[in-house]
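Working notes, beginning with the structure itself.
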Amino acid sequence: MKRNSLFSFSVSLWLLFTTVMLQAVESAKGKYAHMLFNELFEDYSNALRPVEDTDKVLNVTLQITLSQIKDMDERNQILSAYLWIRQSWYDAYLKWDKDKYDGLDSIRIPSSLVWRPDIVLYNKADDDFSEPVNTNVVLRYDGKITWDAPAITKSSCVVDVSYFPFDSQQCNLTFGSWTYNGNQVDIINSLDSGDLSDFVEDVEWEIHGMPAVKNVITYGCCSEPYPDVTFTLILKRKSSFYIFNLLLPCILISFLAPLGFYLPADSGEKVSLGVTVLLALTVFQLMVAEIMPPSENVPLIGKYYIATMTMITASTALTIIIMNLHHCGSEAKPVPQWARVVILDYMSKIFFVYDVGENCTSPKREKEEEHKLEGNDGCQRRHKEVRSHLSNRNDDCDLKEKLNGNLNKSCGVHGDSVRETVNCCSCYKMLIKNIEYIANCVRDHKANRAKGIEWKKVAKVMDRFFMWIFFIMVFFMSMLIIGKAA
């Protein structure tokens, strides 16, 4: 027990001694730091370039670290990004011998006390022209100064929305000195590209690289060269949000447009359906127009909306024309012969359009029985129609003959009562005239009804034809935009 207590006491004493020594060292270093600071900045001026020879070029090493993409404003073509800007250079007047200051090799002082290069973002698109953040700089004994400063930059970016929402963008960040030319301050790339190791993943954009290129430009106003470093931010849009919120609803709505041809003409909703679908697409088109810049390049989704709206407008116009055909009455002309052959004979079979009143879901057995009753050959049906038409006329003639015979017979038998016979004969004649009038009306009604039924069938066949045509158009348009996405 005594040995354990003695060991713990010795350990505690050693820890206390170490703590005291560290505090003494720190206090000593703090003392030397104050002494060093007072000696370095006694006659120092941060207004001039820190070079011993004014003809010597001061090299500034630049490194950009992209931390986060704040916003991409496509309409105003502005990229907002959160950057860490690191600049390092050598100050010829801020050097010391670290052995004289107890091995002190670096100090951290406010950046406003030392000379700083006026490197700015050339393509800045912010109204705020405030100075950079006055963070501390790290000053080494050999005169090297490292300045790390965070910055939220807003830069102009030429946005190409031709393939929106499957587009890629390239935004440039150009840094250079505002007043010093290349013979005074030269900019050197620290890396071949921007640092993306600390990048926070964005919900809308993917980063595919940030290469850096140094440019030396001679402007028309001056003969001296002006170097700059351009970082190209390569962005790829994540299109899932726009697919599920803008593209997929448009595709589903566009598939409703051809169904307007399948809607019965007597329902009175065919035109209303087309107009409703057109208004829905107009709303989506306005949503896309609000976020896109007013440029000549129409985005891909905008082209799809315009094509779909054009198709729906054409389908609505065709629906109105077909409804006029459907409601052709007795005053309309008969169906032309070419329309009978092409539409009623061939196209009706291709698109499975049945006669008016015929049920397309009737069992097959009932149809076979109907065909057996009508005859095995189609010509028998026509013969029956001719025979029925002739029989109707023969019946009328027989009826006339019977009535005339009865009239003559009655007139011959009852010769004694002349007055009653004359009245009876006049009644028979009036009856014959009325029957003939009724028969003519029935024939005209049947002919007009058959004419209207033919026009209704023509309209129904055309509805089915355009329905499949527009279905195919919508399908190929959807596949085209999906292919562009791939």
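Cβ coordinates come from backbone N, Cα and C, glycine included.
TrEMBL: automatically predicted annotations, no manual curation.
According to TrEMBL, the protein carries these features:
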type     : residues : note
SIGNAL   : 1-27     : signal peptide
DOMAIN   : 35-238   : domain 'Neurotransmitter-gated ion-channel ligand-binding'
TRANSMEM : 241-264  : transmembrane segment
DOMAIN   : 246-481  : domain 'Neurotransmitter-gated ion-channel transmembrane'
TRANSMEM : 271-292  : transmembrane segment
TRANSMEM : 304-325  : transmembrane segment
TRANSMEM : 465-483  : transmembrane segment
Count the Cβ pairs between the transmembrane segment (465-483) and the transmembrane segment (241-264) that lie under 8 angstroms and are 6 or more residues apart in sequence, then report whether there are at least 3. yes
Using a Cβ cut-off under 8 Å, which residues of the same chain at least 6 positions beyond either end of the transmembrane segment (271-292) come close to it? 74-75, 161, 164, 246, 249-250, 253-254, 256-257, 259-260, 263, 299, 301-302, 305-306, 308-309, 312-313, 315-316, 319-320, 323
Check the domain 'Neurotransmitter-gated ion-channel ligand-binding' (35-238) for me and report the mean pLDDT. 90
